[in-house]
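Undergrad: I am attaching a structure below and will ask some questions about it afterwards.
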Amino acid sequence: MAFRRRNKSYPFFSQEFLIQNHADIVFCLVVFILIGLMFEATAKTAFLFILPQYNTSTLSPEGEVSLYHYGWRDCITILFYFLIIIILHAVVQEYVLDKVNRRLHLSKSKNTKFNESGQLCVFHLVSSVWSLYLLIMEGYMLNFSSLWENYPHAHLRFQVKFFYLFQLAYWLHALPELYFQKVRKEEIPRQLKYISLYLLHITVAYLLNLTRVGLVLLFLQYVSELGFHVSRLFYFTDESHHKLFDVWAVAFVLTRMVTLTLTVLAVGFGLSRVENQGLDWEAGNFNTLIVRLAVLLMVCLTQAWLLWKFIRFQLRRWREYRREQVARKRAAVKQPARTLKRDTGHQENGVIKAENGASPRTKKIKAL
C-alpha cells in the first residue's frame, strides 16, 4: 500500500526514508493489531486498542444502557486512533490535496498553508457534524441547564467518549505531522500554539467531567474554524474571493462572545448552584471554587488572546490596504499624460521642413 510516489529510494531507517514511508509503516502496525483479533489468545489485548474501556451497564427508561468513564487504558485506545489518523492524513494529502496543488502551481509558503487548511477543513467538517449530532441526540440544544445539572457527568455514552478520544488522538497526531510534512521552521511555533491549546482544553474538559460544556464549545469553535479554512482555500484558488474573510470575521467575533457567555453561565453560575460541592476524586467531582476559577481563567484568557490576535491582524490588513490606496492615487497624479511626437519640423507645400529650414533627407523604401 503506497501513499506517496517513490521518485527516489533512500537508505533504510534514514530520515528521508521514514518521512517518505511513515504512512506505510503505520499501516503495518495497524494491520498487526487487527490481526490480533483473529486469535483467542490476543483478542482481549487487541480490543484494548480498538474499543473504549471502562464501561458499566445501567438501567434507564430506555432499557439497559452502557455508560463509560475514563481511566489510564484510554491512552491505549488513543494510541490506536492516533495511528489511524496518520493513515487518513496521508490518504487525504496524496489523493486530494497533492492533485489540487499540481494544478494551482502555488509557491512553497502558500503550498504549506494550503495543505494545512485542506487537512483542517476535512477535520473541522467531520467534527462539526459529529458534535452537532451528539448535541441533538443528548438534548443539550433544547435544554441548556443540562450542561451543569446533575454534575459530575462522570459516565458518558459510547459516542460521546469516542468523540473525545478521537479529538485527543487527532491533535496528538498533529505533532509528528509537523516533522512528516516538513513544515517550515517559521510556521512551527504558530502551529504548536494552537495544537497545545486544543489539547489543553479538550483534556481539561475530559478529565474534569465537563464534557457537556466542552462539547458545545468545541462545536462553536470548529464551525468558526471551518469558515476560516474554507475562505483560505477559496482565496488560494482565486484571490478575488477575499470577501469570504469578511463573513468569517463576523462569525469569529460572534463565536468569541458566545463562548465567553456560555462558559460564564455554565461554569461560573451553573456549577456554583449545584448541590454537589467539593472535591471527590472517586466520584469525579471537581466542583470547587478554585477549579471553577481556573477553568474560567483558562477559557477567558484564551478567548482574549484570540481576539487580540484577530484585532491586530485586521488593523495590519487595514493599514496595508490604506497604504496601497494612497500609493495608487499618488502614482495616478504624478504620471503625466503620454504624448507621442512624430517629428519636430513643419510642412511647407507638402514638404516637411526641419527647424533650421532644411528639408530632411528622403529615405529609400525597401521593396518587400
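Here the Cβ of each residue, glycine as well, is placed from N, Cα and C on the backbone.
What TrEMBL says about a protein is an automatic prediction, not a curated fact.
Okay, these came from TrEMBL:
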- 21-39: transmembrane segment (TRANSMEM)
- 78-97: transmembrane segment (TRANSMEM)
- 112-321: domain 'TLC' (DOMAIN)
- 118-142: transmembrane segment (TRANSMEM)
- 162-180: transmembrane segment (TRANSMEM)
- 192-209: transmembrane segment (TRANSMEM)
- 247-269: transmembrane segment (TRANSMEM)
- 289-308: transmembrane segment (TRANSMEM)
- 334-368: region 'Disordered' (REGION)
Undergrad: Using a threshold of three or more Cβ pairs below 8 Å, and leaving out pairs closer than 6 in sequence, do the transmembrane segment (78-97) and the transmembrane segment (192-209) count as in contact?
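TA: These two stretches do not touch.
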Undergrad: By a Cβ-Cβ criterion of under 8 Å, what residues six or more beyond either terminus of the transmembrane segment (78-97) are in contact with it?
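TA: Distant contacts of the transmembrane segment (78-97): 3-4, 22-23, 26-27, 29-30, 33, 49-50, 114-115, 118-119, 122, 165-166, 168-170, 172-173, 176-177, 180-181.
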